[in-house]
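Asker: Below you'll find the structure I mean.
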Amino acid sequence: MNRIYACPVADVPEGEALRIDTSPVIALFNVGGEFYAINDRCSHGNASMSEGYLEDDATVECPLHAASFCLKTGKALCLPATDPLSTYPVHVEGGDIFIDLPEAQP
C-alpha cells in the first residue's frame, strides 16, 4: 500500500465530503466522526461522489442518477448502479488524515 496525506481533520467537518485530487481521485467522507474514502467516480455515470448526498447510515447517493453506495464496503445498494466503488483504508494520526492506496501497477 502507498499511504498518502489527504488533509487536516478540520477540512472535513462531520456530515461533509472532500474531493482529494490524487490518482485515483478520492471522495473522503466524515460520518459521525468516522472517515471513509471511496473512488470519487460513480460506477454508473461520470459523477463526482464527493458532490453526492451523504446519509447518516454511511451511505452516499450519486448526485446524477440517485444510485446509492455503502461507504464501508463500496457496494452498490440500488439501481441504476450495479458495480461497487473501490474503498480505501483511512487513518487519522494526530490532526491529519491519511489514505492507503494500492501500489501503482507497472
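Just so it is clear, glycine is given a Cβ too, placed from its N, Cα and C backbone atoms.
According to Swiss-Prot:
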DOMAIN    4-99  domain 'Rieske'
BINDING   C42, H44, C62, H65  [2Fe-2S] cluster binding site
Asker: If you draw a 10 Å sphere on the Cβ of H44 ([2Fe-2S] cluster binding site), how many other Cβ atoms land inside?
Answerer: 18
Asker: For the domain 'Rieske' (4-99), give the DSSP counts of helix residues, strand residues and coil residues.
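Answerer: Result for the domain 'Rieske' (4-99), in helix, strand, coil order: 6 helix, 42 strand, 48 coil.
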Asker: Determine which residues of the same chain, besides C42, H44, C62, H65, have their CB within 8 A of the center of the CB atoms at the recorded [2Fe-2S] cluster site, and list them by sequence.
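Answerer: Result: S43, G45, A47, L64, A66, A67, P80, A81.
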Asker: Taking only the residues in the domain 'Rieske' (4-99), give me the average pLDDT of this model.
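Answerer: Its mean pLDDT is 96.
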Asker: What residues, ordered by sequence, lie under 8 A Cβ-to-Cβ from C62 ([2Fe-2S] cluster binding site) and sit at least six positions away in the same chain?
Answerer: C42, H44, G45, A47, M49, G52, S68, F69, A81
Asker: Let me know how many other Cβ atoms fall within 10 Å of the Cβ of C42 ([2Fe-2S] cluster binding site).
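Answerer: So the number of other Cβ atoms within 10 Å of C42 ([2Fe-2S] cluster binding site) is 26.
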